[in-house]
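Okay, so here's the structure we're looking at.
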Amino acid sequence: MTSKSLFFKLLKEDFKVRIWTLAVSILIFFFSHIVGTAMMLSMYKYNRAFSEPTDLLSYKVEFVQTFYSYIGIKNPLFAFIFVVLAVIVAMSGFSYLYSKKKVDMYHSLPVRREVLFFVKILNGILIVILPYIVCSFIASLLVLVNMGDAGIIVTTFFSVAEWILLFIFNYTIVIFAIMLTGNMLIGILACGFLNFYAPAFSQLISGYESTFFDTYYEVGFIAEKVLLKLSGIMVIFGVFDGRLREKMLIAVVGSIVLLVINLLLYRKRASESAGKSISFNIIKLPIKFMIVIFMSMLMYLFGYEMMSNSIAWGVFGAVSAGIITHCIMEIIYNQDFKKIFAKKLQMLICIVISLFVAAVFQFDIFGYDRYIPKVSDISSAAVVSDFLESNASQYFNEMGFHNETRYDSITNIEYASDNDIESMLMREMNIKDKEAVVALAKLGVANLSSEWRADSISERVLISYKLKSGKKVQRVYNIDFDAAIKELSSIYDDEGYKTGMYPILSEDSKNIVSVDFNGIKDNDKHLTSENGDLAKLTEVYKKELMSLKYDTKVKSYPFASIRFNDVDAQKILDAAYKDRGNYSDYSPDSKYADLMDDVGYYPVYPEFKETVAMLKAMGVDLKEKMSVEDIDRIEVSEFNPEQIETYYDSYNETGTKVFTDAKDIEEILDKVVVCDSPYKEDLNEDVNFNVLIYLKSDVSDAYGGGLQYHFKRGDIPENVK
Amino acid sequence: MIEAKNLSKSFEDIKALDSISATIRDGNVFGLIGTNGAGKSTFLKILAGILKPESGEILIDNESVFENINAKEKFFYISDEQYFFANTNAKEMMKFYSSVYKNFDTLKCEKLLAALDLGINRKINTFSKGMKKQLCIALGVASNTKYLLCDETFDGLDPVMRQAVKSLFAKEMDERGLTPIIASHNLRELEDICDHVGLLHKGGILLSKDVSDMKLNIHKIQCVFETDFDMDRLKSLDIMQMKNSGRVYTITLKGEEEEIRAKMEEFHPVFFEIMDLSLEEIFISETEVYGYDIKKLIF
């Protein structure tokens, strides 16, 4: 009998034994996919009957989108289903290792253990994926027949492939848990341990850092990020903020690694371990230490925080949790309640370690907060702060076609989170003036012990160092603006800072196919090559942006925004415009400028004279300020309680003062920062006053509200006082 | 031939086997006797490649067993509590074993099952303990392996069925040289089937001998002497044990049967006859020599 034919014979025999799991799998996927899709289609048809014919297309698009979301990788229902199925098929296949009777039978057979292992593994996968694939494609065919979009099959194919990879990853984790344990209850507990320990430990460390370190940065150590992803559950439920490719990579690599480890363990595993708690004695001690120390540290933090930062309660929590957890572990290991107090020395060591680690954080024994690397050790640095650039999201939000659906007429903006933006900036930015960065950090450290002052303007400043050793260090400080102007200036004026912050500076100007100018009110323009040399305009803008000094940025005010679109961006804007439909009040020039205006807009300062001149030459009727004639009235209100007391007399009961006189309006307009464009800089604005400008053109409009602005800092007009 | 050389195996603090050496010749029925916990099952599991010995080795036809498919193809292991798939029947188990053992004889198995009156399509979970044992034996015999390892297989079989199985083994031994290795805590079960017996106690082999050798050299006689017979004359016999009830003496003694018969005739007893010794009696006698009270060990 060849080993190949033996393999398939065993596969068939094993399949017969596990037939009930196939029935479960078929039932789950039949109802979740075929019945679920049929119900969705039925609802769609019901709703369509009440729709206007013009809405049919959008209904169709919406349905297809809903279907994609349903079968797609982010649906938690399927994440749950695949996790449960992974446990069921892994247990049905390998639970024989928990029974002495079964192990005796299987291991006495003239079958190589590897063959038996792969038979069990493969059957488990087939039992889940065969019904899944069939039901998925039947569901997509149902949609295809009703919607007539062949793209559904492709999307289904990708979704199926992605789910299968995630399932296999979780399946190998459950098998790993089985290999390590000797009975089913402990095996299920081990599944929980493998899936939740690493992320929970990561969260615990983050909790300690954020509680005890003033300069702790949210993203934490690399180890924390890695730990967070060391979990099949986290990956399949997409709990960590990972991209699809990253998830798939983790799933594929994780599955392969675990498969190899499982095979080695399976070969190594002694038959007599069936029925025991843990099948390899060597792992008992490290697992116990990991769990006891984790629980002890967790309860220290819990006791400390719950009892208003009480160290005594923290210690009580750590000691009691350490003892209880150790006792439980010993009962489990020995499967004997009488062994509850076994190995007291190990219990003591665990508790001492926990308290020591807690003390390291509590008293910052290793000087985390005060650590600043030497300039000579720094390879490059990045600084992220609203003091330097408050519009960073413009450069890291991404316009694109809908990722989930791959349906090419649906556009969206993928908004970058603050963490994403900071991560990208820390990765891309290489500030050369390291001395300035270190000086800024020193100000931050000095500020740790200083008291808060009401008159100071302070802001969060994130500093990231890439050290020559390859290590990355991040710290967050609260820094006083006035004290740090010199360092901030040096950093902003650094080429490395600007190149990291502004992607346009690294873009080839020849790639630009259109430019959107977005100015005051409707002063917008979409420029194409027909209007002039866009590459030259881009080059001029890049030169002026690179030359922009922090001093200018602080004192001046951008009056408009500009966006440089390459071919891909223009394609998305065209699609977005199509999606939005043709609104009659949508002026041709502003049709692109207002679309997706959370992405890609850069400031236009009055000091960018060459850019302004070129824009004018290309036909932009550029307005740098509002015209008095257009204004009906201005309402100024202020919020500062001290200011109200001082100026209350001149304001009405709601704290508002209304100006209708042209001279007053002129005076106010000179002092107001007027910027209606997407790029907004409030660095040098006085936010104590709110200035609402009502245009004459909007008076007849019942919904026409005022346009809201602020005064320039330190430049409040006399007539509003 | 199966050779065990200095086999040792521990389970945490418990020493299950302690440097056991034994040889099991082909074509014999090897009986492994011992109390519960003596190490019989551990020995058989090591022999079946289920457990890995800590030291020593076990060879089947000069091949190591653990993780060796060639060696494993030569035996069929019947555990004391054989596992059958859930909700299955004899036919399915037959199919399973036929996919694993290349010489499995399905026809033979069907015939055996029919002879044993075991329904081929009947769910195994409806079988009695004895029926399950019979099924195991049928599957084991039909697998046509050279060795059949039986752990307490006769436990639960009624006397009629025991005789049937013994005949079956005898037939298989005769036809294809099957070597059954039977572990049991009950010496009486193995009495009329084993050719060679090994006695395990506390992880070590106390005794390993051919039953025929033992039977040839130990005899029991029952006799009545004249009233004036000088009992000292019996000292010329190699007496192991002597009991009397009135004038009737029961003597267990060593020696060739003819020699004993000749000497007894010289004593001119009123009556004497040589009686069959049970294996149990032989064991009692043999182990007493080593200073063990065998009754405490195996009965």
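Cβ atoms are placed via backbone N, Cα and C, with glycine included.
Here is what TrEMBL records for this protein:
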- A:20-44: transmembrane segment (TRANSMEM)
- A:77-97: transmembrane segment (TRANSMEM)
- A:117-144: transmembrane segment (TRANSMEM)
- A:150-169: transmembrane segment (TRANSMEM)
- A:176-198: transmembrane segment (TRANSMEM)
- A:248-266: transmembrane segment (TRANSMEM)
- A:287-304: transmembrane segment (TRANSMEM)
- A:310-333: transmembrane segment (TRANSMEM)
- A:345-368: transmembrane segment (TRANSMEM)
- A:465-618: domain 'DUF6449' (DOMAIN)
Winner by Cβ pairs under 8 Å against the transmembrane segment (A:345-368), considering only A:77-97, A:117-144, A:150-169, A:287-304, A:310-333:
A:287-304
With CB pairs under 8 Å as the measure, which of the listed stretches A:20-44, A:77-97, A:176-198, A:287-304 comes out on top against the transmembrane segment (A:150-169)?
A:77-97
Most Cβ pairs under 8 Å to the transmembrane segment (A:77-97), of A:176-198, A:248-266, A:287-304, goes to A:176-198
Please work out which recorded stretch in A:20-44, A:248-266, A:287-304, A:310-333 has the most C-beta pairs separated by under 8 angstroms from the transmembrane segment (A:176-198)?
A:248-266
For the transmembrane segment (A:20-44), distant same-chain residues with Cβ under 8 A (at least six beyond the ends)
59, 63, 66-67, 70-71, 77-78, 81, 85, 88-89, 92, 124, 127-128, 130-132, 134-136, 138-139, 142-143, 146
